[in-house]
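Colleague: I'd like to ask some things about the structure below.
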Amino acid sequence: MSLTAVLIVVLAAVLIGAFGIRVSRTTSDFYVASRTVSPLWNASAIGGEYLSAASFLGVAGLILSFGADMLWLPVGWTGGYLVLLVLVSAPLRRSGAYTLPDFAEARLESMTVRRTASGLVVLIGWLYLMPQFQSAGLVLREITGAPPWAGGLLVAVVVAVNVLSGGMRSITFVQAFQYWLKLTALAVPLVFLLMAWKADGAPAISPQDAAAWQAPLGGGREYGLYSTYSLILATFLGTMGLPHVLVRFYTNPDGRAARRTTLVVLTLLGAFYLLPALYGWLGRLYVPDLARTDAVVLTLPGRMVGGTLGDLLTALVTAGAFAAFLSTSSGLTVSVAGVLAQDLLRGGVRSFRIATVLAVVVPLTLALWARELPVADVVGLAFAVAASSFCPLLVLGIWWRRLSTTGALAGLFVGGGLACAAVLVTIVGGPHEGLANALLAQPAAWTVPIAFTVMITVSFVTPHRVPAGVARTMVRLHTPEDLNLDRGDWRPRSS
Amino acid sequence: MEVQYVVGVAVVAVLVGVPAFVLWRLVRGRRELGTSPAERATFETLHTASLAGPPLRAGLTAEGAEKASRHLRTLLGSSALAITDSERLLVYDGAGDHHAGEAFAHARATLKDGRTQVLDLDCPLLECPVRHAVVVPLTTDDRVVGTLAAYGPHASAGLVRAAQEVAGWVDSQLELAELDRSRTLLMEAEVRALRAQISPHFIYNSLTTIASFVRTDPERARELLLEFADFTRYSFRRHGEFTTLAEELRSIDRYLILERARFGDQLQVTLRIAPEVLPVAVPFLCLQPLVENAVRHGLESKDGVGRITIIAEDAGAECGISVEDDGLGMDPDRLRRILAGEITPAGGVGLANVDERLRQVYGDEYGLVVETAPGAGTKVNVRLPKYHPGVSAR
């Protein structure tokens, strides 16, 4: 039954991708057509793209194994939008940039910075796609016993076909629907699980779990305090550097709408992340011995409810999980392929095709060869890279007028480079011993400050490399759109 | 475990290999600079000159002069070099920094009469190599715009000659800079001249249509008049070369309301607009002429019902817009000549104008793409990038 659910989701994705949603409108309701996407729809669409396998499966699994500390993951993944709301969303929208490289070019007026940003977007995208494919493999194995590569391959092929057949269109309503589907797929089974728990006499958690598992820093990870702070830094600051999330902000008509959208995203994510925490807690009660903890969300309905109802609920959760893989992977693939085709290949349709294949094949290969890590941890690494490269670029670019081109480049290279190196060593080499393991597995706590320091110091040293149009750019970024003032005229690029 | 080592080795190989390859290419590039000393000297001189060129292409600015001065000094082989414009010292580069303060004074005579001066400097410092100065004028259009001064221990005839040659070379770069600037100004002026040309026919037709409703249906006439007022306010606005696609479509809607009042059921319009692309910045009035064209071709020149379809789609980093009519169509050859500006069709320059403006702003790959044949209707496709440097709706 679960397999049927997966097939339905996959088929729906292919059909929507191939035909799009074609809604014709006649002039009589034209004003409806010209109404821009409302913050609620936009926020649902962001939620739909953002909630990946890590949120859907990974968080509950990590909470099951490591306890209260892991609550920082959902908190950070939501809190990142608070930082985005306060520091980035409105100015970024006003800059007119569609992608992160666009922003780098608009603010620093340099093609070198743009290309560097493009390279980082591709790396972060790959790093984020890899665990999606890995967990697809896990889910398919869980329900059919297929080898672990099969699920990853299935999702990769569906996404590639989808994107190649014109799925570049980002259809807000489809993505918004994905959020509500994921929410339903977790919430409905949870209601039944809680009823089963109640019928079971509402058992409490065992005394030693209450002392260790449930207590902060009691989960038994080495260097827990360091890891926790590093995790907080990575998730709070990394959200703003996720390529597939930022392109969605372009759909907002102005900076004010961008802020509103971010606020709604905070609410929607806050509501969603209550659920995985409960799954983790129920998992600790009923399946504490689970070998692959990422599968706890899939296992619980069968174990606790059982029978046909249990099968139905498992099918629902599985469908939700596949929707999560497909939506996040599609969004990421479109972003990565777009940047690859435009900035690193020559552009045009042919380049986009090659780029799409590259965008899918590289993370798929990584997913097959890399060592198996908890999915939420790998996604956490992508956040660490984003936090140590794009966070300084965006925050300093928006709020500090003395940021120089050289400074930005140096910061991107040093911060992004260090974080990437740590990630590679962790994925390919690990696990390492003692403190080195903690430092490499959660690099944000040292790479983010280094990136900021390098960017600021080098900018101070190279004041003559501050872009010429910085004053005008700052006016554009920070004044509300309805203020009537001179934001500068269009000028042809001098040859 | 072995697999991990293989991947590890591959990663290290890429991390080390790529920079090594780039370095090797650089070194090899150096070695290919010719074999005999004379060849090498020629190449090096030309290379130095080509390095000094780009900074000067922005005109005589402090920043450009500073970047170019190092290479110019290498070309001249002098101890120090100074560049001034007509008002101040732009850069002093090389030995004897204490002469920088008086460098502009050295240039004054040359600035006044445009002649080469050779000056003897008495410097109290014994070790200072700056003893003589050769000051040559920099001119564009026979006007002295600045000076170039070469400082050194001797003022040989060779140095004077070299300074004059280098100054001549700098002059030609400055003239190129002037050319660049006027081309930029021309492009801006063209874009400004090309914008906002609503057709006088439309104004006349709309007013007569409204007049026909004044007695029979005054309420309708009033509404139409208000639409007309809004339409003209948008079309005649002065500020900004860009607007959002949403605004542009709203104006097109008003236009179509007025046209439908005139044609009634004979005009059928279908719109399919992806809400994601509404915030895209577009050149002001870049779609209006296309719709106007479609109405004219799809309707005025044939009998029966005319259908117009306007589609705006999201396509990754771009948005695709198409305006289609089922009218008489056009001979592709004639269309090509209209777009090339060789012939001006009766009733406006709509298509050619839009095509020209899109190319000016976004580059040649973003021109109009028209699919048409006689009797087969016309479909005009426009692609617009969601982000383009300098393009912003507000």
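All positions are counted from 1 along the displayed chain.
Glycine residues also receive a Cβ, built from the backbone N, Cα and C atoms like all the rest.
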Colleague: Under TrEMBL, the annotation transmembrane segment belongs to which of these stretches: A:26-48, A:440-462?
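Modeller: That would be A:440-462, per the transmembrane segment entry in TrEMBL.
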Colleague: Flag the pair the transmembrane segment (A:263-282) / the transmembrane segment (A:381-400) as in contact if three or more Cβ pairs fall under 8 Å (sequence separation 6 or more).
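Modeller: Contact between the transmembrane segment (A:263-282) and the transmembrane segment (A:381-400): absent.
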Colleague: Is the number of Cβ-Cβ pairs under 8 Å between the transmembrane segment (A:112-129) and the transmembrane segment (A:229-251) three or more, considering only pairs separated by 6 or more positions?
Modeller: yes
Colleague: Taking the transmembrane segment (A:312-340) as reference, which of A:71-92, A:149-167, A:229-251, A:407-428 has the most Cβ pairs under 8 angstroms?
Modeller: A:149-167
Colleague: Are there residues at least 6 beyond the ends of the transmembrane segment (A:71-92) whose Cβ is under 8 Å from a Cβ of it, and what are they?
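Modeller: Here the qualifying positions are 50, 55, 58-59, 62-63, 103, 228, 231-232, 234-240, 246, 249, 255-256, 258-259, 261-263, 265-266, 269-270, 273, 276-277, 376, 380, 383, 394-395, 398-399, 477-478.
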Colleague: Below 8 Å between Cβ atoms, which of the listed ranges A:149-167, A:179-197, A:381-400, A:407-428 makes the most pairs with the transmembrane segment (A:229-251)?
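Modeller: Ranking A:149-167, A:179-197, A:381-400, A:407-428 by Cβ pairs under 8 Å to the transmembrane segment (A:229-251) puts A:381-400 first.
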Colleague: State the residues, same chain only, that lie 6 or more residues beyond the ends of the transmembrane segment (A:179-197) and have a CB under 8 A from a CB inside it; answer 'none' if no residue qualifies.
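Modeller: That would be 44-45, 47-48, 51, 56, 203, 268, 271-272, 275-276, 278-279, 282, 285, 297, 300-301, 304-305, 309, 313-314, 316-317, 319-321, 323-324.
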Colleague: Which residues of the same chain, at least 6 past either end of the transmembrane segment (A:381-400), have a Cβ under 8 Å from a Cβ in it?
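Modeller: Beyond its ends, the transmembrane segment (A:381-400) has Cβ neighbours at 76, 80, 87-88, 91-92, 100, 103-104, 107-108, 117, 120, 123-124, 127-128, 230, 233-242, 408, 411-412, 415-416, 418-420, 422-423, 426-427, 441-444, 447-448, 450-452, 455-456, 459, 477.
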